Structure formats: C-alpha cells, structure tokens
There are 6 protein chains.
Amino acid sequence: MSGLTHFDGKGDAHMVDVSAKAETDRIATAACHISMAPETFDIISQGRAKKGDVLSVARLAGIMGAKRTPDLIPLCHPLPIAKVAVDLTLDPDLPGVRVEATVKTTGRTGVEMEALTAAGIAALTIYDMAKAVDRAMQIDGLRVVLKDGGKSGRYEAV
Amino acid sequence: MSGLTHFDGKGDAHMVDVSAKAETDRIATAACHISMAPETFDIISQGRAKKGDVLSVARLAGIMGAKRTPDLIPLCHPLPIAKVAVDLTLDPDLPGVRVEATVKTTGRTGVEMEALTAAGIAALTIYDMAKAVDRAMQIDGLRVVLKDGGKSGRYEAV
Amino acid sequence: MSGLTHFDGKGDAHMVDVSAKAETDRIATAACHISMAPETFDIISQGRAKKGDVLSVARLAGIMGAKRTPDLIPLCHPLPIAKVAVDLTLDPDLPGVRVEATVKTTGRTGVEMEALTAAGIAALTIYDMAKAVDRAMQIDGLRVVLKDGGKSGRYEAV
Amino acid sequence: MSGLTHFDGKGDAHMVDVSAKAETDRIATAACHISMAPETFDIISQGRAKKGDVLSVARLAGIMGAKRTPDLIPLCHPLPIAKVAVDLTLDPDLPGVRVEATVKTTGRTGVEMEALTAAGIAALTIYDMAKAVDRAMQIDGLRVVLKDGGKSGRYEAV
Amino acid sequence: MSGLTHFDGKGDAHMVDVSAKAETDRIATAACHISMAPETFDIISQGRAKKGDVLSVARLAGIMGAKRTPDLIPLCHPLPIAKVAVDLTLDPDLPGVRVEATVKTTGRTGVEMEALTAAGIAALTIYDMAKAVDRAMQIDGLRVVLKDGGKSGRYEAV
Amino acid sequence: MSGLTHFDGKGDAHMVDVSAKAETDRIATAACHISMAPETFDIISQGRAKKGDVLSVARLAGIMGAKRTPDLIPLCHPLPIAKVAVDLTLDPDLPGVRVEATVKTTGRTGVEMEALTAAGIAALTIYDMAKAVDRAMQIDGLRVVLKDGGKSGRYEAV
C-alpha cells in the first residue's frame, strides 16, 4: 500500500524500523477545542479564579496521557519524552476551552502522536469533569499545528 | 462549585463516591469523524478491500483504548466493561472516516468516558497510520450521541 | 508460615482466593506526612493561594495512584474502587504537608493497600515538585488509620 | 513561583524541557524503614531462612515499581533505567525492615523519584504481606540519601 | 465467520457483549513447561534450596501477569480476579520446569486467558533469568488443562 | 549463583547494571507455533481471505505486547524499541499458525525478551479468538531463533 509506512510489502501492519534514522531534536504541537453551553463555560471560568480548577486537572491528564501514547497507539514507538506542555485557554466566543499541547524529544521518530494524545485526553478530561451539568459538549479541530525536526522537515498547519 | 460533582465542598478534586448507587445495565455511544485529503481517502479505501487494513488496526486500538480509560481520565472509576464495539465507516463526502463506539457495563456509574476514549483513540490511530502521506487530517465532532441506564436516564444527542 | 495468608501451605506466594468471601462495603483511610525546610513550606503555601498549586497536582497523583495499586503490589486483588479522596493539609508545625487518603469499594477484600498507595504517591509527588529547592524532604508516618467492612471488622489506629 | 521548576511562568504545571541537558550517568539512592510488632518481625525473619520469603516479594515489587515511576508521578520524565537494586535488611532494633533502593540511568534528568518509588513500593508490599497479622505497621524515613550526576552535582543526606 | 464470537456479523472484531450472562464462579488452569540444558537445570535447582530463587521470581511474574491480561489480549474482558496461584515444579526428566497456573473469578466470562497468560509469563521469566547461561531454552505445551463454571460447562484436557 | 546475572553476590534478585555497556544495534527473533483442530484451521484460513481476520488481530497484539515487556518480565530493562514485526503463517501441516517476531533496538541490552513476549502474546491472542470453537489448541516451540548485536555476539538456534 504505497505511502502507508505502517504496512510492509505484504500489506501486514508492523512497527516501522527507525534504527537507521538519526537521533535529532523533534517537536510537535497539536490543538483542539471543546465547546459547551454558556452556563457550563461560566461554571468552569469561575473555578479558574477560585479553587476546584477544571483546567488544572485537564492539563495534568494531558501531560500524563502523552506518556501513555505508545500503550494506546498500536504502531507508535516508545520515545524518551523531553518536555510536555498543555496550554488551556478559556474562549468565551466558543464558548469553551482551547487546548494546545507541545511535546519535545531527542529521538529517532516524531512526537505528533504524543502531542495529539495529550490534547485529546485533556479535552476528554474537561468533558468528564463537566458532564454532570452538560452532556452535549463536543470536541473539534483535533490536529497537528506544528511539527519540526527529523528528515521530513518542518510542517505548519495553514 | 455547584454542579461539578468531581469537586468536593472545599473545591478539591476527588473521585466521587458511587458506593450507594445501584448496579444497573448502562450503555453509551460516542462518535467522531476524521477528515483527510481525497488521495488519502483513496489509499485507505483500497486497503479496505485488500490487505493492510487501516480500519482494522484503528478498530482494535479503540477497543483496547476503552479498557485504559481509568488510567487516562483522572477521576474516572474503573468499571467491569461488558462490551465494546467500534464501527468505522468510510465516508467519501468528508472525505474521511466516521467513528462510532459503543460500550456497555453493569456497574455503578456510566460509560460515556469509555465510549469517548474508544472513539478518540480509534481516530488518532487512523491519523498515525496515514500521517506519512497526509499531515493535515483533522478529527471533529467527538461527542456522546447516546447514554442510557442509571439514575439520570436516557440522553440522546439532537 | 502461620498467619501470612499470602503464602500457601508450601510457603509459596499466591494471590489469596477471595471467591468465597461476601461482597461488602469496605473503607480504608491511610495517612502520612512530608516534612520540609521552612522556605520550601512557604513556597508551597503561597502557591495554595495563587496559581501553580503543588497540592492539586499531588492530590490528583494520589487518586490516580490508588487505581494502579494492583499493578504495583504483587499479590493485591484488582477491585472496583467506588471512591477515592486525598486530603492535603499544610501544617506549619512540621513544617510540611499532612496527607490523608480514603478509599471505598464494594468488594470481596479490603482497600488498605489502595489507601496507602494513594497517600504514598501523593507525598512522593510533593517531593517531586519541590525537590528542585529542597532535596532533604522526608516522608514519615505512612500507616492505616481506619479500616472497616469485611469479616475482620473495624480497625482504628490508636 | 520561584524555584519550583514544575510550574511555568504562568504558574501552570508542565513537564520541564530537558532536551538541552546533557545525557550523563546518574545515580540515586533512597531509603525508608517499616516498623512492626515483635511477633510480626519474628514471622518475617523465620521466612528469610526458610521458604515463603516476604523480603523476596517486596524486593521484586520495588524493582518493578521503579519502572512504573513515570506512570505514577505526573511530571516525571520517562527514563531508560540502567539498574535497580533494592536492599532489605531485617533490623531487630526497630523491630522491622530497612529498605534501600538504588537506581542508575544514562539520561537527561535524575532518578531520585525512581529510587523513592522503589523504596516506597517495597515497604508497602511488606505491609501487604504481613497485614493479616499486624495492621499497625508504619513506614517512616522515606527520603533521598544519595544523588549524583547531572549539573546540580552530588547530594548526600546528612 | 461462524463460531468465532470475537467477530460481528460484518466480520469486524469486537469485544463480545457479556452483559446478559450470569455472574458465576469460574476457574481455569493452564500449563506449560520450559526445557533447558542439564547444567542450567542444576543451577536453577540449587537456587531452590538456597537463596536467589529463580522460581520465586517467575511465580510472582506469573501472578502479576494474570492481572495484565486485558491489557495484552485485545478482545479480553477486564475481570475481578479472585485468586491466582502459579505452581512451578523442577522436573529432572525434561530437564526443566513445569508450570501450572490457576485463576478464579466470579464474573460473566471465563478466565482461561488469565491462566494462559500467567503460565506463559512465568515461563518467559525463567527464560529471562537463565538466558545468560542458556539461550536455547524452549517453552512447550502451553494449553488450558481445566476450565469450569459458566454456560459452556466443564472442560478438561485429555 | 554463578552465571545467573539477575542475582547479586548475596543471591538477591536485581536489575543488572548496564550503564557501562555500549549502545549498539541489537536484533532478536523469536518463534513459536499454535496447533489446532483441522476445522479450526479452516475457519481461520477462510478469514484470511475475507474479512474478520484472526491473524491481523494477533499480529497487532504481538506488536503491542513487545512494548509491554518491561512491565511483565520483572528484571527486564525498559528499552527504546526501534522495530517490531510479527509474521504469522498458516501451516496446514500442523494444522495451525507459525509465529515469528523480530524486534530491533539501539540500546545497552538485548531484545530477546521483547521478541519472545511478542511471539507468545500473538499466539495467545489466536487462542483467545478461536477458543469458542476449539479449547484444545496448544502453543509449542516458543524460543529465540536469532540474536545479534552486543558483546555476546550472534546466536542462531540450530
């Protein structure tokens, strides 16, 4: 299957051999957002100022989720993650929360999946924490916005 | 923080006490979709008929991801999952893949997070398997479409 | 080895058969404290009022750690945890933080190990977050303070 | 929050970027002890000579626990652990068991948390194995006793 | 695909719905053996009498492995394991070690996979511990020898 | 215990110190086979051509299992796996399936255990998927067939 590196010549799935690739500094940033009812947004926003901070829990879940990526994505290589940051921004125009996750490594393959997993798990954790008041929240726009390092070079979402 | 059950009276996060809730049959269905370039869609569609099936790998990742939910979502209860099914449909109109995950349990709390995690991980796995040919794929519409069982009753997305 | 139920008649370790025990409501509370330099205590205390809350991260780590107990303690049974709460109190007299973790289940064996693991992991997380300013912090007094439910009845530390 | 590297400029938790740090040989030793009733100590001591060895189980749990550290401590980096040793010494003066865990790596950040986790899990496993005869056992003195390698140099507990 | 319950009507893999099955007491026993050079057998046998017991480590690995079964076998249900015992017998006629693992649960599906995983992981751990002196060890005869409980009734290997 | 490197001078289990070993390219291949009734073989073979492919699920389980090796084998070092391939061949002469797993890394210790774990988990997954029609399947011949890289040089099974 031309182009899909996760399949070998016979069409069977495998974890691609990266042993001949150079260990280079790599970075990836992924983003998504979760939309909610205005009342839900107000409850979460108020917690930001006081105690009981939904965003702190979601940020931590995203960071820890990045470390579980090779357990979750079948053909993903385990990597020595060097940095994870998850930025959460309250956006009254959604209304909801914008999520951006950045992961760095020095390794033989990229960290897009780690960044996407971190962003996705952070957003799902917001859903979990607010679902008692709002079941109709929705996560959209989960994608890679930046990738750099490695042979394939820099990619930025337009 | 009124309504957010994952915080106690002091505003501190906790895992809610469900020991007084009844063990009932519960079901949840979550959905999302991943959009891609027409060329990527063609490559994945061809694999569906032949060997090297992207959708088979993603389906399995979603099923296994559902089982990891309490490891990923900090305040989620571990549950004896009774069923997981992940349906993946090629949709030429996106173009891309529609994901629907259904989880059942007989337990003291619902399985929305398990269904959402299964759907999200399945979509992320499609991203992983096709990212060598298309970095701009995007996941949208990750939400609960059905929930039933338990005290709060049936919920269906409109 | 008389009394040590985790060994069989030949002296070999095994996971004790609990299938004949009744499913009852069980609770356990464990406690410990971490002592630190007064300057470290001040830094952590200030974060309590503002953002960057060490205690929030530690609380979450303790809750998630409780769920990992059967992965960590070799002969521990997996249990459907019904509640986890981790209380963290700044104590200027130590100076340091007092940790108390409570776990509930409806199951065939107790949750002392889950409570002890939650308390221990919460304290270790405080160490991790403050170790850049204080390597000499120390965790003491990790013990079960309350256990109830099950055939052996109520236990309270004196 | 000055000094606490696990928070960024906004006070949000993150996993610190270590990609610019050198890969160096690092070592850390952590210690703790568990105290018990004299009768419990006698039972465990006798098993040391015969079969049914509590200390063997605890040692293995500590070694395996070191490998789970990044799953447990939220902001801890995953590291390629090069060595784990857990020494357990029966001390009739406590009476109880002294635990010392040493971890080595060649990496970009230290292994104090791995050593502390190994020591703590080993002690908790002793509690688990003897709790049927003694609920009042207590773990104290969990701390780093030695750390070397990396920019911050050697640390030894006084 | 008639008879293979892990596939649905369309031929897609799923985790079978067991929610309508009764919670009954279930047991399974699996066995295997590992053969080795006579010199390797002698080294392991001597450790049995003294310290440094290969079999103790393997037994514990098998018990812990049983608990990881739903993480390893994709379509396996998570179950509340009630008992795990791993018996290891030195057999000079192989020469090598015979492994027998028994798992019990009270649940909606059987524990054959847990017993097979426990036996397999115990044997692999023996391989790991002795591979420095013998690379040619081999594991054979991994199979279910007994299964009981549940609708399909008792099965015993002939 | 002379030769068994997983025990120290006192006979206690430890994770061997590999920090002084060179990072070299290493490869290992392990194999096994699972035998079954002719009817079971026919069902699995037919799925190979159509949908509902038992072998695809088993292959993926083996690849993911390789990544879990340090969680399963107590004294195994965590390694940055660079490649995993699991080849499954239908063999009508058994009748059954032949499994061969190859793992590569650039690290300080070998990947035999990862290859053996991948092969074993793939075979166990075949058992799981076909056990509804055939309980008497059996796994044999689980062994290392090739190992290369590192100080001890090349090993090939005869």
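Positions of Cβ are set from backbone N, Cα and C atoms, glycine also.
If you look up TrEMBL, you'll see B:15-150 marked as domain 'Molybdopterin cofactor biosynthesis C (MoaC)'.
Sequence annotations record features per position, and here TrEMBL assigns substrate binding site to B:LEU75, B:CYS76, B:HIS77, B:MET113, B:GLU114. Annotation for B:GLU114 (substrate binding site): same-chain Cβ neighbours under 8 Å, separated by at least 6 residues, are B:ALA28, B:ALA66, B:THR69, B:LEU79, B:ILE81, B:VAL84, B:VAL103, B:THR105. Secondary structure at B:GLU114 (substrate binding site), as computed by DSSP, is helix.
The Cβ neighbour count for B:ASP128 (active site), using a 10 Å radius over every protein chain in view, is 24. Marked as active site by TrEMBL: B:ASP128.
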TODO: Check each of B:MET113, B:GLU114, B:ASP128 (the recorded positions) against chain C and write down, in sequence order, those whose C-beta lies under 8 A from a C-beta there; write 'none' if there are none.
DONE: none
Open item on the list: I'm trying to understand the geometry here, so how far is the Cα atom of B:MET113 (substrate binding site) from the Cα atom of B:ASP128 (active site), in Å to the nearest whole number?
Closed with: 22
TODO: Based on DSSP, name the secondary structure state of B:ASP128 (active site): helix, strand or coil.
DONE: helix
TODO: Determine, to the nearest whole angstrom, how far the Cα atom of B:LEU75 (substrate binding site) is from the Cα atom of B:ASP128 (active site).
DONE: 28
Task: Span of B:LEU75, B:CYS76, B:HIS77, B:MET113, B:GLU114 around substrate - largest C-alpha separation, Å - done: 13
Task: Between B:ASP128 (active site) and B:CYS76 (substrate binding site): CA-CA distance (Å) - done: 26
TODO: Filter the recorded positions B:CYS76, B:MET113, B:GLU114, B:ASP128: retain a residue only if its CB is under 8 A from a CB of chain D. Output in sequence order; output 'none' if empty.
DONE: none
Open item on the list: Comparing the binding-site residues B:LEU75, B:CYS76, B:MET113, which residue's C-beta has the most other C-beta atoms within 10 angstroms in this structure?
Closed with: B:MET113
Task: Cβ under 8 Å to chain A, applied to recorded positions B:LEU75, B:MET113, B:GLU114, B:ASP128 - done: B:LEU75, B:MET113, B:ASP128
Open item on the list: Going by DSSP assignments with H, G and I as helix and E and B as strand, what are the residue counts for the domain 'Molybdopterin cofactor biosynthesis C (MoaC)' (B:15-150)?
Closed with: 49 helix, 47 strand, 40 coil
Open item on the list: Roughly how many Å lie between the Cα atoms of B:ASP128 (active site) and B:HIS77 (substrate binding site), rounded to a whole value?
Closed with: 28
